[in-house]
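Undergrad: Just passing along the structure, written as structure tokens.
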Amino acid sequence: MSQRADASQCGGVVVEFESDDVRDARAKKARSIPGSALIYLKGPKFLIYVSGALSMWGDRMWHFAISVFLIELYGRNLLLTAVFGLVVAGSVLLLGALIGDWVDRNPRNKVAHASLFIQNISVTVCSIVLMLVFLYKQRIEQIWDGWLTVVCYTVVIILADVANLASTALTIAIQRDWIVVITGYNRGHLAGMNATMRRIDQVTNILAPLAVGQVMTLASNVVGCGFILGWNLVSLIVEFFFLSRVYRIVPALSIKPPVEEEDQEYLEGRRLQGNCNTSLNLKEITNLPLCFRRFRWLVSTCKDGWRAYYRQPVFLAGMGLAFLYTTVLGFDCITTGYAYTQGISGSLLSLLMGVSAITGLMGTVMFTRLRKTYGLVNTGIISSCLHLGCLLLCVCSVFAPGSPMDLSLLMPDVTSNSSTELGGMASQRQKHTYPLRGGSNQPLLPDRSSIHWTNNTVLFDNVPSGTAPESYISIILLFLGVITARIGLWSFDLTVTQLLQENICESERGVVNGVQSSMNYLMDLLHFIMVISAPQPQHFGILVIISVLFITTGHTMYFLYAHKAKRKRSLDT
């Protein structure tokens, strides 16, 4: 130390003569840093992150590409895309409980590997079929008087739907079950992993469609299919290896409660609780053909799954999250299509999409800090208030200058004078709306892709013409509300996700999350129906108000859950 002081006083270079112990300690610490990094890279958390990133990237690319492919195949018409969206939503709605029950009843490694294999192989085969259709479309249309084309479209939609169902099963297995076991049921670690997985999802939601969109734009649709095909084959191998590695190094994953025995006792108990006709009913059931017995079992499984979902203590919280899906206030094709009719360019929309991704990431950061400071239930309350407060800007945009909303739609029976006045008002507000020219396919009808407008050559062939709107206040308020609301939205989403993870018993974790997915798709279908019922830009204000009402209802359900949870906690203490 004296040598250091003398050197510093003289203004010279400090030369330290360390002892052997100090030098050994420094060397050991230096070796421990890369060693700890290597341990983390080989650990289950990192492997799950990489596997999840590969899976999410493939899903985002596929959801974007299949929408564009179906539009191209059907003469740049949205019919096939709409059919695909309805098939996907309807299948998850009907089969969500069965998928979750299958996840519960089978070993974790078999569920993950089977879901991964079915998902990637379905996308691979579907990509091959699409490549053949794009290459030989004219020849295919001449076979069987064009019916072979219909068969190809049907095969593509079925394979894509199977891939989505397998993806749903994989998401339930990994993000709702494996993560809980890997963290050792530690709430802090669980919140961290949930937030990290959501950040990965936010980033891939932006970058993956852009990547495959650039390949399709610079090359061709056939090359795009080949790119997705190659990605899925490589991803299948890597994800399979990583998930197998995680399963081996986390012994708790191989331990699962005997769901089949519990369910069998429950069913036998229900059978014994009947009247004197129980034995006759059982004989009638056993005498039914095998197909009818299996169908009866499927219906019974779905019914039991929905009952299990209803009796969960977090039922109201899950329902509140589902109600948030009935909204047009998100960066999907509906909101971006509306913004396009109001004079917002595609480049500006892409910039707004990037900003929304940043606010979504801010929501994940806010979730972890609020949960650590105020607890999980209070985090949901704060996130709900923030979400609703930001959406009030969207409500204000409906009545702000520049809004194309036509109030005469709400008053069909009016006098001729008032209708004339309202007609004049409507004609003035029509100046803010850009009518589409003939032959343009404006994406007011929904599809499963969230940013499909990036491929302007497909969906936006014609640039809207006309003078600039008199005021941009309405559209600015709309997007300001949508973007800022994503902070509270994703924090609330993570809150409910962790509540479901913590409060659902391990034997019912799959089936309950499967029913939750069904509820989410059901409410998503309602918002599709809303748009189909009121597709014009003049109707969008009404859709905004209805969306805010649904979101308010969802958050009210969560407030009721939070009140019951706090009351129960106070009684227990």
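Positions of Cβ are set from backbone N, Cα and C atoms, glycine also.
TrEMBL annotations: computationally assigned, not manually curated.
These came from TrEMBL, pasted as-is:
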type	residues	note
TRANSMEM	78-99	transmembrane segment
TRANSMEM	111-135	transmembrane segment
TRANSMEM	147-174	transmembrane segment
TRANSMEM	218-243	transmembrane segment
TRANSMEM	314-340	transmembrane segment
TRANSMEM	346-368	transmembrane segment
TRANSMEM	380-400	transmembrane segment
TRANSMEM	471-489	transmembrane segment
TRANSMEM	510-534	transmembrane segment
TRANSMEM	540-561	transmembrane segment
Undergrad: So which of 78-99, 111-135, 218-243, 510-534, 540-561 has the most C-beta pairs under 8 Å when paired with the transmembrane segment (314-340)?
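TA: Comparing 78-99, 111-135, 218-243, 510-534, 540-561: 540-561 has the most Cβ pairs near the transmembrane segment (314-340).
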Undergrad: Grab the same-chain neighbours of the transmembrane segment (147-174) for me: Cβ-Cβ under 8 Å, and only residues 6 or more beyond its ends, written as numbers and ranges.
TA: 48, 51-52, 55, 59, 62, 66, 69-70, 73-74, 80, 83-84, 87-88, 91-92, 95-96, 99-100, 102-103, 108, 111-112, 115-116, 118-120, 122-123, 125-126, 129-130, 132-133, 137, 140-141, 243, 510, 513-514, 517
Undergrad: Take the transmembrane segment (510-534) and find every residue of the same chain, 6 or more past its ends, with a Cβ under 8 Å from one of its Cβ atoms.
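TA: For the transmembrane segment (510-534), the far contacts come to 85-86, 88-90, 92-104, 168, 172-173, 176-177, 304-306, 308-309, 312, 318-319, 321-328, 334, 444-446, 500, 504, 540, 542-543, 546-547, 550.
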Undergrad: Spell out yes or no: are there three or more C-beta pairs under 8 angstroms between the transmembrane segment (346-368) and the transmembrane segment (78-99), with each pair 6 or more apart in sequence?
TA: no
Undergrad: Restricting to CB pairs under 8 Å, which listed stretch, 111-135, 471-489, 540-561, is in contact most with the transmembrane segment (380-400)?
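TA: Selected stretch: 471-489, with the most Cβ pairs under 8 Å.
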Undergrad: So which residues does the transmembrane segment (78-99) touch in its own chain, when a touch means Cβ under 8 Å and the partner is 6 or more beyond its ends?
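TA: For the transmembrane segment (78-99), the list is 66-67, 70-71, 153, 157, 160-161, 164-165, 168-169, 172, 298, 301-302, 304-306, 309, 441, 443, 445-448, 510-511, 514-518, 521-522, 524-525, 528.
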